[in-house]
Amino acid sequence: MSQNITLIKDKILSDNYFTLRNITYDLTRRNGKVIRHKREVYDRGNGATILLYNSTKKTVVLVRQFRVATWVNGNEDGMLIETCAGLLDNDEPEVCIRKEAIEETGYDVGEVRKIFELYMSPGGVTELIHFFIAEYRDSERASTGGGVEDEDIEVLELPFSRALEMARSGEIRDGKTVLLLNYLHMSHLMG
């Protein structure tokens, strides 16, 4: 028997930036028993992320920026090293990630390859992230990057081996970045 869901109540608690909803629903379990649940769900839209790599130089491009949620949760300076990423904002995932790559890193990359799409925190966040990789070349640098007006993004070109070590040691603590670095390592695209 499949699980059946009956929506009882969907109340918007806040929609100042994204939407926080309180959802009440009945869930029919596999054994037929109906259980009522009440959960808060944060809807921030879907996103995309990309890891830029250079197989000749054996480097990757990451960014460092302030993330308030990490600061609230004990990251002393709130800075996070991560892959370039952004919300889709009604764009197709590849269109979004190309725009974000130029804005954040300055690279106008050629071919991009979609790897997978994942829910990163499905217990309470609706966001589905589309994961990409792309090889970059120095000649594809269209600008210095750094983000748009209200962003302060530092562009980091790192040896791939160093980035992997940073992920292993906990210096890189962003889930999407650790996933993409490990994907690149397992795929042997860096030789």
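Heads up, the Cβ atoms here are built off N, Cα and C, so glycines get one too.
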Just to be sure I read the record right: Glu100, Glu104 are listed as binding Mg(2+) 2 in Swiss-Prot. Which of Glu140, Glu149, Glu151 is listed for the same site?
Glu151
Checking feature assignment: motif 'Nudix box' per Swiss-Prot, candidates 2-22, 86-106. Which range matches?
86-106
For the domain 'Nudix hydrolase' (43-180), what does DSSP give as the number of helix, strand and coil residues?
37 helix, 50 strand, 51 coil
Spatial neighbours, same chain, of Glu151 (Mg(2+) 2 binding site) - Cβ under 8 Å, 6+ residues apart:
Gln65, Glu104
Chain-internal residues near Ala85 (Mg(2+) 1 binding site), provided their CB is under 8 angstroms and they sit 6+ positions away:
Gly47, Ala48, Thr49, Ile50, Ile97, Glu100, Ile129, Lys176
Taking the recorded Mg(2+) 2 site as Glu100, Glu104, Glu151, identify the other residues of that chain whose CB atom sits within 8 Å of the mean position of the site's CB atoms, giving them in sequence order.
Val63, Cys84, Ala85, Gly86, Glu103, Thr105, Gly145, Gly146, Gly147, Val148, Ile153
Most crowded position, judged by CB atoms within 10 A, among Glu100, Glu104 as binding-site residues:
Glu104
